[in-house]
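Input: a single structure, listed below in structure tokens.
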Amino acid sequence: MLAILGFLMMLVFMALIMTKRLSVLTALVLTPIVFALIAGFGFTEVGDMMISGIQQVAPTAVMIMFAILYFGIMIDTGLFDPMVGKILSMVKGDPLKIVVGTAVLTMLVALDGDGSTTYMITTSAMLPLYLLLGIRPIILAGIAGVGMGIMNTIPWGGATPRAASALGVDPAELTGPMIPVIASGMLCMVAVAYVLGKAERKRLGVIELKQPANANEPAAAVEDEWKRPKLWWFNLLLTLSLIGCLVSGKVSLTVLFVIAFCIALIVNYPNLEHQRQRIAAHSSNVLAIGSMIFAAGVFTGILTGTKMVDEMAISLVSMIPEQMGGLIPAIVALTSGIFTFLMPNDAYFYGVLPILSETAVAYGVDKVEIARASIIGQPIHMLSPLVPSTHLLVGLVGVSIDDHQKFALKWAVLAVIVMTAIALLIGAISISV
């Protein structure tokens, strides 16, 4: 019963947001509440589940909210204007070079393994160029989202350590054969960027730029009075120090962004009224994304608290016919994206994956192959509304999450298919009939 309700809840949720009957925020909150009540849970129990889910995402929500404020202030001060001008002089107004450069930059920055950091750095560097040249921002969001999903499979990314720990396999044994698979995903992303960039070049042409972006151009989107050219070096050092601490992982991301934002605000805008105006300028974005993350916490809290996710996993495994047992690695590779789109990574890797692994072992499949297969679907996972950094990305770029999903999903599926094919070809995962 719980499994059926869980699947129905997912279908209703996706239908509501794809048809735009409800906003993502209201669908995230109301859909699980209704289905939990139908399942027989009381208001008090559902309330406790909601609070539990909110508590789990609270640190992430605070981090992202202050990260948006920090990078918003940095854009206001003009920190990124020289970099935008330099990049413009290199790409010479060619949309193709900019879009391909977006893919390369995303995957380079994503080597730190953190989606929020990757999105903030990539959008800060590239969005002004997209706005200045008229390139569709949805392309930036799509490339960054799918590219981050591919890089989430690196050994220190979000998926690989979970898969290794959930199944008790040696991380080195898991990741070694996956290196060519990850490389194929990266090449696929560059190829996709080339196709999209070529289409934008055909639409816009190569634009002649007579001067670099400045405060009066769309790239800056900020009035001269908020620029702080005399504090440029200070802001650069502060940002580099922040990024260095982020990469080191020695200090909480939430703590780092709260402190960095306060320092940046006080130094650049010591006047209290100016501080209020700058915070107000970015408050709508902060509120929209923060509320979305807390709503996602409500969804996952109820999904986990009602045990729907556990029952869904068991029912799906039981549906695999005995004669298809040897195909389980390929099935896991192709379905892991669907699973992790509909539920958080933790729920999949620690709830669903062990069941899939035990089933595969019964058919003579090595569990390390299941671990490898389970991380291939990450490009699709990173488009999920349950991933907090996804809301950060669409908020920074200025697109809706449903438009982002509609645009990027086909490219994410393509990346998963390519990576699965390469994994089968080189023997990282195997099938038998």
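Backbone N, Cα and C atoms are what each Cβ position is placed from, and that goes for glycine too.
Summarising the annotation, Swiss-Prot assigns transmembrane segment to 2-22, 24-44, 60-80, 98-118, 131-151, 176-196, 247-267, 286-306, 324-344, 345-365, 379-399, 411-431.
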Top partner of the transmembrane segment (60-80) among 176-196, 247-267, 286-306 - counted as Cβ pairs under 8 Å: 247-267
Near the transmembrane segment (345-365), which same-chain residues lie under 8 Å Cβ to Cβ, leaving out any that are not at least 6 residues past its ends? 158-159, 162-163, 166-167, 300, 303-304, 309-310, 312-314, 316-317, 320, 325-326, 328-329, 332, 336, 339, 371, 374, 381, 430, 432
Could you pull out which residues elsewhere in the chain have a CB under 8 Å from any CB of the transmembrane segment (324-344), counting only those six or more residues past its ends? 10, 300, 303, 309, 351-352, 356, 359-360, 362-365, 369-370, 372-381, 383-384, 386-387, 412-413, 416-417, 419-420, 423-424, 429-433
Would the transmembrane segment (286-306) count as touching the transmembrane segment (411-431), i.e. at least 3 C-beta pairs under 8 angstroms with sequence separation of 6+? no
Among 24-44, 176-196, 247-267, 286-306, 379-399, stretch most in contact with the transmembrane segment (98-118) (C-beta, under 8 angstroms): 176-196
Closest-packing stretch to the transmembrane segment (286-306), where packing means Cβ pairs under 8 Å, from 24-44, 176-196, 247-267, 379-399: 24-44
Near the transmembrane segment (24-44), which residues from the same chain, at least 6 beyond its ends, have a CB less than 8 A from one of its CBs? 1-2, 5-6, 8-9, 12-13, 16-17, 50, 291-292, 295-296, 298-299, 302-303, 305-306, 308, 385, 401-402
